[in-house]
Amino acid sequence: MLMFAYVAVEVKTVYQEFNKRIPGINMDNGYYQMHEYQAPAWAQHLNHIPSHIVKLTSLNTPIHRWSLPGVPDGFQVFIKRDDLTGAELSGSKVRILQFLFAEALRNNARHVVTGGCLQSNHCRAVALTCRQLGLTPHIVVARVSKKEELGAKGNALLYRLAGSHLYLSPTCSYEAFSQRLRSLAGYISDKYREPCYCIPLGGASSPGMFAFISLFQELIEQGLFDNFDDIVVSIATGCTAAGIAVGNYLTGSKLRIHAVSIALSKEELTKRIDQMLSDIGLTLGANDIMDIIDDYIGEGYGTATEGLLETITNVSANTGILLDPYYTGKGTQGLLEELKKTPLRFQGKRILFIHTGGIFGLFNGEMDRVMNLPGNHAYYINEWPEKDVPLVQ
């Protein structure tokens, strides 16, 4: 959404700037270049197909076997590594941002507004992308009312390092928070007399859905139909899971899509996803195309139990795959528990887990609660055995 409270302003076109190349030199591998977007053939009848995409990452991300501890006999789990989409932009959010920033650049935006909770992967990715593209990030931080509560850990450290303009927002409803984002975008456009682009919470939007419709096409090209029976993904605002489920439905795939909620109830997610589906021209509902699991929310977004933190250390110690306490950790915990408790929920025995990233959430201090617990996989600490290990001369 672009806010033009002041239109009679001359701005240098960012879109043009980032499509300039030095003749004969291609050192950037196409990064930050704008391209026309072509939706998969099976999705070209949908509404609101984005026109352009700006390259922010290198795809495709790999799929490999995941020796996840605790998986019942007979099941095989594989992992789609969207945590490898980049370093500071790590995670599936960058797929959405390629579409949203293309729209922002084409409209000559100079500022970008978005928001989320203190440890939001989305806010971190938006802020850093803004600076890479020469834009100014404005971040509304939910459920924080005092500066002292911000800190400088995990994702919050990174979006603060990006020089984001932060706005503290006490607790309010989803609808009220979304209204605050839109209102702030108008305010910034007025204040700076420059166009401001507003990205909704989590990037949940029609363009965002096409990011994961395209991801489904990527999965097809990686052998999805021949090798897997079920897909499992964490779900926050609904955009990722909805895009994947739409791809599964439109291609006539027989796979089953399972979305493990990290914060919202099944009822809330169903309502939001139904609206997303309607926006792109589909008359079906969320419950027609996906299995939403809301039994692993805990106390909601931004919370983690000690059991979850111990699962994270167990997985990393046994497989080398890093999960975070808010997204992929809850998704993996839900996958493991459902395989044990309700195995018939799954279409078959070959499960593909979509790792959506979020590694920086590990660095907010939560893990301190379990790192030194006896028996924890991160507690293999020994004093130097001086008497038993002779020094080599």
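Cβ atoms here come from the backbone N, Cα and C positions, even for glycine.
Whatever TrEMBL says is automated annotation, not expert-curated.
Sequence annotations record features per position, and here TrEMBL assigns active site, nucleophile to Ser120. Annotated domain 'Tryptophan synthase beta chain-like PALP' per TrEMBL: 59-357, in sequence order. Per TrEMBL, the feature N6-(pyridoxal phosphate)lysine maps to Lys93.
Distance noted between the C-alpha atoms of the residue listed as 'N6-(pyridoxal phosphate)lysine' and Ser120 (active site, nucleophile) is 11 Å. Counting every protein chain shown, the Cβ of the residue listed as 'N6-(pyridoxal phosphate)lysine' has 30 other Cβ atoms within 10 Å. Here the residue listed as 'active site, nucleophile' comes close to Asn155, Tyr159: these same-chain residues lie at least six apart in sequence, with C-beta atoms under 8 angstroms from its C-beta.
Looking only at the domain 'Tryptophan synthase beta chain-like PALP' (59-357), the predicted model's pLDDT averages out at 95.
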